[in-house]
Structure formats: structure tokens, C-alpha cells
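Features reported for this protein in TrEMBL:
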type     : residues : note
SIGNAL   : 1-24     : signal peptide
DOMAIN   : 79-159   : domain 'Cadherin'
DOMAIN   : 160-268  : domain 'Cadherin'
DOMAIN   : 269-383  : domain 'Cadherin'
DOMAIN   : 384-488  : domain 'Cadherin'
DOMAIN   : 488-605  : domain 'Cadherin'
TRANSMEM : 615-636  : transmembrane segment
Amino acid sequence: MRITSTSCICPVLVCLCFVQRCYGAAHHGSIKVTRNQTKHIEGETEVHHRPKRGWVWNQFFVLEEHMGPDPQYVGKLHSNSDKGDGSVKYILTGEGAGTIFIIDDTTGDIHSTKSLDREQKTHYVLHAQAIDRRTNKPLEPESEFIIKVQDINDNAPKFTDGPYIVTVPEMSEMGTSVLQVTATDADDPTYGNSARVVYSILQGQPYFSVDPKTGVIRTALHNMDREAREHYSVVIQAKDMAGQVGGLSGSTTVNITLTDVNDNPPRFPQKHYQLYVPESAQVGSAVGKIKANDADTGSNADMKYTIINGDGSGVFSISTDKETREGILSLKKPLNYEKKKSYTLNIEGANTHLDFRFSHLGPFKDVTMLKVIVGDVDEPPLFTMPSYVMEVYENAKIGTPVGTVTAHDPDAANSLVRYFIDHNTEEDRYFTIDASTGTIKTAKIFDREETPWYNITVAASEIDNPGLVSHVPVVVRILDVNDNPPELARDYDVVVCENTKPGQVIQTVTATDKDNSANGARFHFSLDEGLSLNPNFTLRNNEDNTASILTKRRRYSRTTQDIYYLPVLVSDGGVPPLSSSSTLTIRVCACERDGRVRTCHAEAFLSSAGLSTGALIAILLCIVILLAIVVLFITLRRSKKEPLIISEEDVRENVVTYDDEGGGEEDTEAFDITALRNPSAAEELKYRRDVRPEVKPLSRHHPSSSVDSIDVQEFIKQRLAEADLDPSVPPYDSLQTYAYEGHRSEAGSISSLDSATTHSDQDYNYLGDWGPEFKKLAELYGEIEPERTT
């Protein structure tokens, strides 16, 4: 296969070159392809050569946007197997074959039937094959070739992000970068100048410029002032073909706004101002406004107003309204036309945010003078004091003078003034006032202990102009007199222990007096002298407004007397002195050794324990039930005692187990231990308790004299004989054990029984230190000791 390509300068002539080369080769023999040719040379033998087959075509190009009526010729395919006799058939396959590109199957000419757009598809890949028309077999292998779409300048540059909105500070240096714009061209950037874009400015000169290559927009003037012009509209053009004639172009708009900087100082429109303020203006109220103009905006126009000097700087104050940027003039002190009729103020307005780059344009502050004229106003009467405090004694008669208020007309007319009380509250009705003199008097009798203070409001108005009224508060204090006797501070619960000692303090009492400290703060306590001398208790005045109750006896007994009454007399130190009598109730209680109360009496104990009547009844029922169970158990136990011999035929050995325990030395009911003490003390012989005897024991026939002389061994033998001869004895072994303690020792018994009947001088006070387990024992011996001593 041989591929021959043709290089042409103009792409449009590619087809012409291709046709010329192909047809020239066919007609002029410049390109010849032979197939299976054998050359016969005279004198030589026939020589066979390998046949040469192959495609011959050029690089195919097709112009985009073809608008002609006929299909556009693309090129020609030719095989060296084609002899021109129509035996070779050309077949075209691949992208666009049959729809966009068609081929003459006999000549191999390729045409484009549609207008192509390179921006949509730049090239097409196709496959060509030559087959024998008769046999329908391929003459050459299938080959691949490309048809490229040749670009033409059919797309204008476009700004994809426009229009643009951008800002730049005013007063910027010339050449300050504002924005970079970029235009895109869809044409082929690798072919010609179709996609080579150049920028230019159509509108916005001489304020701004644009770089033709990069599209960077810059300021073109020095010190562009926002206050002169703030908004600019700049039109930028992008043109392809490097800006040459015939190139396509596109444009966009850039809206540029100059932002503010603080390059303008504030200025007052006038150098002198005048303000009228009535003397009736309230303190703290706004009386006027003033404003300095600033051409800047935002924070660059913020300012602060101050009073720098003048005779009214102590009377007026100025503040800044951040919204309106105005100076608000307020009143610090009340005005008085009769004292001063005008004030002069020097007010300064200065920027708060300075830009030192423009300090040469300053100073960024301004000063103006303000003259305040005080206006005369008919004022209400003026009291000599802002408030009054008066005093009057309690129990004073109705009509007693309390005090006097005074007011006058501050105006030059000096009109007469009348007084009256505003009866807005109930307290205002307790007093009257003289309309001409302003003297306040009582209208009721006061009790300091009920209400010690009264607040009233007195009003004053001019007779000529009653509508002008002024008010003043008056506080009336009710003074105390000694009209209340002292009393005990509370109801005291006094307790005395049974084992107390004489002179022991059992209670400290205090007193209260409704009167204040000037009348009766010093209290004196004593017993009622009209009664006989109390043998049980006494009172001691402690000289500190308290008194102590002391005992006079050694012991008190609840059983003898559980409550005592002690009258106490309390007097104050007022003029004249007053006194009152109160009775203290003293209860006798049982106490611990450390003085803690254990119990006073049954009712108090139960109430202190917190037991209700229902709880007590429940406890008693439980005790009754337990007692009934015990009695029932004892009764059943006694009734279950049966003879040891159950049946006469039952001759088995039985073991009888007794598990009864003795009750100690004091138990004389469960067992008869007379025989165990001394045989001589036995009065008579006892029968066995398990069975009823049928024969009298032998010991019955012995005289009483023999019992006194018998010894233990003989006594035991006698009992053994009786058991052997007794026909009622069961046929099983029975073991009877006897113990003998011997005769009484001359040293006496060391048992604690009957020891309570002996007399001893021993001190049992140590039993109280043994703990709560020995409280009862300590209490018993503690009561016996005083009685024994008596």
C-alpha cells in the first residue's frame, strides 16, 4: 500500500490539489499503480514479481459552515487495483458515512451533504475498503482515514460573567486595579487568529482604562472624588482576529462605584446659633438640637459633640444621636429667669474615625457658638424646703399644732399663697392645715404603738392663678409617752427537777414594753410583796433587764406537789413608771443527773412520746392478748400430766425426761426442797407424784423422835426400802437423786435475798454512774438514803 500526501498552503485548495494530483497521475502517468504486471524483455526469461497493492489518498479537510447548493467535495479514494473498468467497488463506513459523507462507489469521490460546525465536532474517523464487484471479495484490507473540519471565524468573543458590579475607594492612585474581565472565543485557538481576543474600552474614558491583552481595568485619573461623582458605567469590548478588520466582537458593562473615605471634615452651617428655653423646662429633658454637616457617609461621617467652654457648661449637657448625627442639648440644672436670663455655649463637632492619609485636609472638627435665652414663665409657689419632718406626742388633744410649712411666689409679682392638704390617702384626713399660715394641726388622737409615722402631702397655689400648684411631702413622727406597762416576753414553761439543790437557777425571764427605749427600757423584776414569803422559790433581779428564778429547797416530789405558781412583778423606768404582774407556772419533773428532763407525769410523758389514744388502746390490747396466751399455755401444761404407766401389758422400759428448770433460790413452789436442806426439817414424808399410792410408806410408823436423830445414810436406805416394797412402782428402773447441802454456816448467807431488811451506811450515789441499766436501782437507793437519814 502506498499513501501519497500533498502539502498545500491554503486549506481551501486541498481538494483542488488532491484532484490535480490524482487526475494528473492518471492522465499524465505521474502516479501509476500496476497490478500483477509481468514485463517480457527480449532475450530474457519471464520473471514473476510480488504484486503491489495499496490506497492512494491525501489528508482530507472540509470547511465548516458550507452554505452552497451542491454537496461539498471532500476528496477522492483510489486503489492501485482499479483499472478504470468499473470492476472495483468502493465502500465507506464510520462516523457520518452515508448521512454526512457519501462516496461514489465507482470513482471513489467523497462529498459532504451537510453543513458542519467545528465547535460541535472537530473531525470524523471513517474506514474505506475496495472490493471486487464481480466476486464481492475485498481487494485490499480495510483502511482508516480522518476528515478534519476546517475552522472559520464564525464565533464572536463572549463575556460569561457580565455585567459586572465592582467598587474602588475614592481618592485612589492612578492605575489602581479595579477588575479583570475575560472573554472566551469558541473558534479554534490553534488555527489563525480566529480565537485571538483583544480588549478595548468603548465607554468610561478618561476615568478608566483596560489592558488590551489581560483585560485588567484600572483607574486612569488621580484623586477621583466620590462626593463629585459616585457611579460610573464602563463598557469593555473584546474582538477576535487580533482586533483586525473583519473580526467579530462582544462587549460587557462594568458598573463601578467609588466607596467613601474620610476626606471631608465636619462643618457647622452657621457660626452662631440662638436657642430659646423656658425656665419651666424639666431637668434632664432635651431643650434643643444642633448638627454639623459632613459630606462623607457611614462611619466616616460619625462625630461627637462636646461643650468646650462657656458659662452654661454646668447647666447644660450635650449628647450625640447616632442615627441622625445630631447634637442633643439637655438641661442639667433648673433654670431661673429671675437669676440668669441667658447662657453662652461653645459647641464642637469632631469626627470619631480619622484616616491619617488625608490628615492634610483637616482639621476634622468644627466649632460654633450657641446662645441660650431663658424665657420667663409664671411659676407655681416654691416651698422653702424640699420636704418637712414634724413631731407630735401621742395622746395629744385634737387641734394640737404639729408644724408649719412656708411657700412663696418666685415671680416678680409675688402673689399671695394658699395652702391645702391633698386628701388622696386616709392618713391625709388625720391632719388639718391653715390655708393662710400653713400651720398643720392634729385631727385625731394618735397612738404611737399603732402607727408611729404619717406621710401627708401639702399643696400650695397662687391666689391669682390657682392652676399653678406645687406640692411638698410632710412626714409626721408620733412621739412616745409611757402609756404601756411592761410584760413578760413570753409564756415560760418552767421546770424544776426533783433532785435539785437550793439556790439553783431554773429559769431566766425577760420582759418587753410596747413603748420605745426612752420610756421603760430599764426593767425591774420582783416578787409580789402583797403575798406571803414563798418557801419554795425566790427571784433575783439581774439588773440587765432579766431576772433569774432560784430554788429554795433541796428536793421536790411529784407525788407531793407537781405544780407551783410564782407571781412576778415587772416595772419599767418611765415617767411615771408602770408595772404589771404575771404568774409563772413551775412543773416538778424527774431529771437525769446532768439536768435533762426525763418525765414530769404520766400525761406529760405520754404526750411527749407522741402516743395517741388509739395507739395506747392498741398497746393495752396486745398486753391482754399476751396474758391470755400465757394463762392458756399454763393450763394446758398442767392438764397434760398423765400416769407414767399407760397400760398394764406395757412392760417396756421407759425413760421419763424432765426438762423443767428451777426458779433459783427464790423458787419454792416448783419443787419441795425441804428434805434436801436437812432431814430433821422434814415434817412428813411425801408420796410420789407420778402415781397414787395404795400402801402407806413404812416411814409413817416411825416416831418423830427417830426422825430427828436419823442420819442421811439411814434416810436414803429408808427411802430405798419404801420404793422396793411399794406395789404401785412401775416395773422399770427409777432413779431418785437426793442432794444435801449440810447445816447452816455460822458465817451467815451471802445471798442477796432478804438483804433489803438489813441496815447499812453505804453510799449508793455511785449507782447513778453505772448507766441507764441501773437508773431504777439508783432511784430506789437514792430515795431510801434521805429517809434513813431523817
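The count begins at 1 with the first shown residue.
Glycine too: its Cβ is placed from the backbone N, Cα and C atoms.
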Three-state composition of the domain 'Cadherin' (488-605), taking helix and strand from DSSP: 4 helix, 53 strand, 61 coil
Number of helical, extended and coil residues in the domain 'Cadherin' (269-383), per DSSP: 10 helix, 56 strand, 49 coil
PLDDT averaged over the residues of the domain 'Cadherin' (160-268): 90
